[in-house]
């Protein structure tokens, strides 16, 4: 490869990445998932597109995609709160194991019939497209404001269901290559190996990496590089040992993100850019790999297979997988069924048969790609609509314009939050002493226009003021309410109820006010929060609703695992 060729690659790569970034703004305007934009640009640059770039290097695509997935899952793990495991761990693991098997089996049987294949080859197609994709789920769920039970279940499922899909795919490829038609006891051994190595080495590697980062004295810019290189090392090591590198790197990130770590803010900020670059690069390469003309001959059966999986196989697997978990209501189960997003992982798995030289490998690849496109276009574009119809969107609290980590003490992660006050903020005209700031927070600076003011308690806030507040992450909900907009208060009332009650209120007092019909066995001296927990059972989350005694009770606020405020609304016939 000469210098001119290398420079041409740099030029083409830079143009494609820049075009992806610039055109990503059309995603929200058109209601199209941003991943589809990246895929489309790659396809336009490919053999059948305007660019005419001939790219059929499957090993290179496999390399780029796996590297990108490792970075995306490391970032996703760091941003997943360990508290979400309280409500979602076991349901997500059920979907990640039994759910994938059911989806793959049902989809594979229909694939064998639609494409006139042997049962085992049909099951291979089912295994390839059987898992949801972490990159797609993390990208499309971000900022949707779903209740914690649903969002955490979907995110943990997408980060942990790839081992089952990889295991099924590799096992079926080996069986087809060896001419076998039945499973042996080694099937279970390989499954345990995939999950076991992924969990053990992922957590051990994450712990060692955390220790190394906190012990080493480095330039601030090197900590993110150490974290990402360590995560990739964990991914590669587990994969080399025939474990699930995808699960390992996710758990590694989860451990890093939920323990005190040096330069946390810098690591997260760098990871954000790396994750975006990884998504762009991965979907560009996968788009280049596809020739749209190859999809036309299989379009009808592949579309039927996609609809079968989306409308029947995935919902059935979700309803079976969530049977033991009574805390999920019907609306949540239906929504989780709909968010069976497919993305890069099925396409990467479809490269395996190509590299193994199996018959019909091109068919497997094209079918997988078609299913991914249908999933992103059909499910991805309707995600917000489905969430609203299922009434799973919790009214958001105001987020700061920006947040900057101060990196003063890794055991106390102080940050600077910046809020800009527009005319619709209720606090306009209030004095600083009137603001009920969360305990431990301080207003560090107040900007008015280009001027830095020296405020006192009597300083009144004006439209356009910029407040710099020092606090910690757990202060964000209270700060968001403090600087909230008036319309959000009305939205909260529509969602949470006509009245928002303090959960510490005595049940006896609430009973007298609302005329509740309490059973004689009910302890009237308990608090409203304790009684609501009894009504819900399980692990409640903000937005959970239940009808009792002619009233709708909604959990409006929680502090850690404790219900702090409850919304009450009178049940009407219309509702």
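Cβ from N, Cα, C; glycine included.
Small disclaimer: the values here were computed from a predicted structure and weren't measured.
Residues or ranges marked as transmembrane segment in Swiss-Prot (evidence: sequence analysis): 3-23, 30-50, 58-78, 95-115, 122-142, 172-192, 194-214, 221-241, 244-261, 270-290, 293-313, 334-354 (among others). According to Swiss-Prot, the domain 'RCK C-terminal' annotation covers 403-485.
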Chain residues in Cβ proximity to the transmembrane segment (221-241) (below 8 Å; excluding those fewer than six residues from its ends, i.e. six or more beyond): 66-67, 70-71, 74, 197-198, 201-202, 205-206, 209, 212-213, 247-249, 252-253, 256, 262-263, 266-267, 269-271, 274
Winner by Cβ pairs under 8 Å against the transmembrane segment (30-50), considering only 58-78, 122-142, 244-261, 334-354: 122-142
Seg_contact(the transmembrane segment (270-290), the transmembrane segment (95-115)) with at least 3 CB pairs under 8 angstroms, min sep 6: no
Tertiary contacts of the transmembrane segment (293-313) (same chain, 6+ residues out, Cβ under 8 Å): 48, 102-103, 106-107, 110-111, 114-115, 125, 129, 338, 340, 362-363, 366-367, 369-371, 374-375, 378-379
Secondary structure content, the domain 'RCK C-terminal' (403-485) (per DSSP, counts of residues): 13 helix, 31 strand, 39 coil
The transmembrane segment (58-78) and the transmembrane segment (194-214) contact flag, 3+ Cβ pairs under 8 angstroms: no
Intrachain residues whose Cβ lies under 8 Å of the transmembrane segment (95-115), provided they are six or more past its termini: 121-127, 129-131, 153, 156-157, 160-161, 163-165, 168, 298, 301, 304-305, 308-309, 312-314, 316-318, 320-322, 336, 340, 363, 367
